[in-house]
Amino acid sequence: MAGDANLDELAKQLDQSLSLGNQHTSTTVTAAAAAVGLEDVSDSSVPEKRSDVESLYSVPSAVGSLTSIDEDITNRTATVLQVPLTAYMPELPKKAASLFAAAASPVHHIAHMIKSGAVKRIIVMAGAGISTDAGIPDFRSPGTGLYANLQQYRLPYPEAIFTIDYFRRKPKPFFVLAKELYPGQFIPTISHFFVKLLAQKNLLLRHYTQNIDCLERVAGVDSSLIVEAHGSFHSAHCISTKCRKEHAQDWVKEQIFGDKIPHCIQCKSLVKPDITFFGE
């Protein structure tokens, strides 16, 4: 059946995205969209290059010139599902030993469940793996992970760069690293756009992520559906418990890209993006 062929194409594209770093074009995402019956998503909603990823997360004009992101991505909102946060287990076919018994792969089976309407409230739980193809390193992979490549900062131990007590004494290493990782320099992967497609179809109940890179937001997932378990660059506050003043993201970004250490405009304490540090 044509539907099965489309499901096969979705599985193929998603499987490729796990092993290849160049599957982020509009063609790939559109093929995945067609596979689950989301043909109404146009190519124009998927940025193809870094210059297309700006909006709120862009590099300031003082340090680079980027065009604005497609308004279709930044302005689109997802419908908030007014349903309780409960787990849903689809009914297994009679004689099926597991959810994946008759499927070519787990990805094929998940695609089939979505296409058939067997699941209507989907929770996504994501970690660093969905962002590594965008060029963002994970934390702990030997040799390539972030913690294995922090020698230039001369830290007492790698995790110190994300430890609140060390940050209070020596904030500069974090802000140097933050300049390298700041949103606006990376394009969302096919995984992020797949989450967006779930939201557009009112199938996404929540997207839980350990990532701090804001790529879900750049891809167009509405903030009401995102739970950033470790915080993110999306907002920033004074770290003083007596102040906690929120500072505009544009201002914080200008400070970071100007190689300055942000200090609170109200009490002069340090200002930090709302990434959850060790010790907080």
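Positions of Cβ are set from backbone N, Cα and C atoms, glycine also.
Fair warning: this is a prediction, and the values are worked out from it, not measured in the lab.
Taken verbatim from TrEMBL:
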ACT_SITE  HIS230  active site, proton acceptor
BINDING   CYS238, CYS243, CYS264, CYS267  Zn(2+) binding site
DOMAIN    100-280  domain 'Deacetylase sirtuin-type'
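HIS230 (active site, proton acceptor) is 22 Å away from CYS264 (Zn(2+) binding site) when you measure Cα to Cα. HIS230 (active site, proton acceptor) has a Cβ environment of 14 other Cβ atoms inside 10 Å. Annotated Zn(2+) site CYS238, CYS243, CYS264, CYS267; additional same-chain residues within 8 Å of its Cβ mean position, judged by their own Cβ, are ILE239, SER240, LYS242, ARG244, LYS245, ILE265, GLN266, LYS268, SER269, VAL271.
For the domain 'Deacetylase sirtuin-type' (100-280), the predicted model reports an average pLDDT of 90. The highest number of surrounding Cβ atoms within 10 Å, among the binding-site residues CYS238, CYS264, CYS267, is found at CYS238. Separation of the C-alpha atoms of HIS230 (active site, proton acceptor) and CYS243 (Zn(2+) binding site): 22 Å, rounded to the nearest whole number.
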